[in-house]
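Report on one structure; see the data block that follows.
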Amino acid sequence: MEKQVVDGLREVFQSGRSRPLQYRKQQLGALHRLITEHQEDIEQALKQDLNRNTYNTSLFELISIENDIKLAESEMADWAAPRPVKKNLNSALDNVYIKPEPLGVVLIIGTWNYPWAMILQPLVGAIAAGNAAVLKPSELSEHSARLMKELLPLYLDKEMYQVVTGGVPETQELLRQRFDHIFYTGSSMVGKLVMEAAARHLTPVTLELGGKSPCYVDKNCDIAVACRRITWGKFANCGQTCIAPDYILCEPSIQDRIVEEIQKTLLEFYQTDPKSSPDYCRIINTRHFDRVLALMNECTIALGGESDRSQCYIAPTVLKDVLPHFKIMQEEIFGPLLPIVTVNGLSEAIQFINAREKPLALYVFSSDKTVIKRMLAETSSGGVTVNDVLMHYTVDTLPFGGVGNSGMGRYHGKHTFDQLSHHRACLIKSFAMEGLNDARYPPLTAARLRKAKFFMQHRLCSCSGICVWAVIATLLAIGLKDNVP
């Protein structure tokens, strides 16, 4: 079944249907209509999957999808246009440029925590770049997956874009097929399996993974504001966000103050009972509920800790005096638990971060520019936000992606288009000026090599082609003899 889907899409892609920009714009417009005309259906599906309310669905998924569609519609012609490059003297009279071209058939494997954005944002780039696509939503967000499979064929060209649902067997069968690019969002463990499967066909991959994103809170900052922002980013979507602050690093002297400010903020956000708050989500299923709950073993609970397995509910929880060897520090939490690890100053915080896998995001809260500069200069992460959390994700001109264990490749806005395009190197030469080519033809001599080196190593200057023509005219005037250096 999966092979027939991929083969069918490849046949239609090779017909050239998606080459015209007008076709791509039509498909993007149709995708936008799907989002706007079925917003209530999408909200209902996410309510069933994650207990997410209308406002959070718009804030965390639909707005970003719509923004990406509008950006692609307005900028796609520029993105797809040939891109001139600087030339050397050897190619001064040639037409030299980079031409973005569609890759072919792209597989997009989404995840369950943001089941619409993690599929449709890459799809926007795939459509804009002229690709066909197979979409594989996560089976864990089953209501969203079912709705996506139902709606997409009603709006998009079903011979170019198809949704395949199912669990692990269906995903494994898809990964046996040959794609021209695989875009995967999810865990590092599954990311390795995706990359292994892609290697069989030498298929390039984009892996949007995760990891333990640290949050360093310097004692020299507005702790109340810092905790308000951290609390929002950590407990939104019940902590099930790949770039949520995974843990806090701070000096022991401010740990209790941080707990106190988070407590105030939780009361503001979710009132006295987060379980009854319309803004507080649920863990996706009982398997993840059990996994997250088990991470609290060994830990001292400073705030929260309540749970209800029947509702997959775990209260916003802060854990203090967490030690590096605790289980909760060995894997990405992906739930509403916020450990606080104390360190003796900035240098120890940097050392702590660098001793672990490179995270998808890094957060720094400080009013000291020296602290910020050192943290930026001496650590590595996919992205970084200073004095806030998550917000670098919302800037579509910034590339979003991981580094090392947190992923490879990047997307958002033009970066998605570029990631899902082949940047074809093009050089168009005329039959004129054949004499200029003597330096590369046999019989090769030292003099000819010097001339070839001169032409290949000198870049075309920015003062138009006058300088180039002056050099070429001079060389032509003296006949390009072998004794000319």
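Every residue gets a Cβ built from N, Cα and C, even glycine.
The active site annotation in TrEMBL covers GLU208, CYS242. Under the heading domain 'Aldehyde dehydrogenase', TrEMBL lists 10-422. Marked as transmembrane segment by TrEMBL: 460-480.
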Number of Cβ atoms other than its own within 10 Å, given for GLU208 (active site): 26
Rounded distance in angstrom between the Cα atoms of CYS242 (active site) and GLU208 (active site): 9
Whole-number mean of pLDDT values that fall within the domain 'Aldehyde dehydrogenase' (10-422): 97
Cβ atoms near CYS242 (active site) (within 10 Å, other residues, all chains): 26
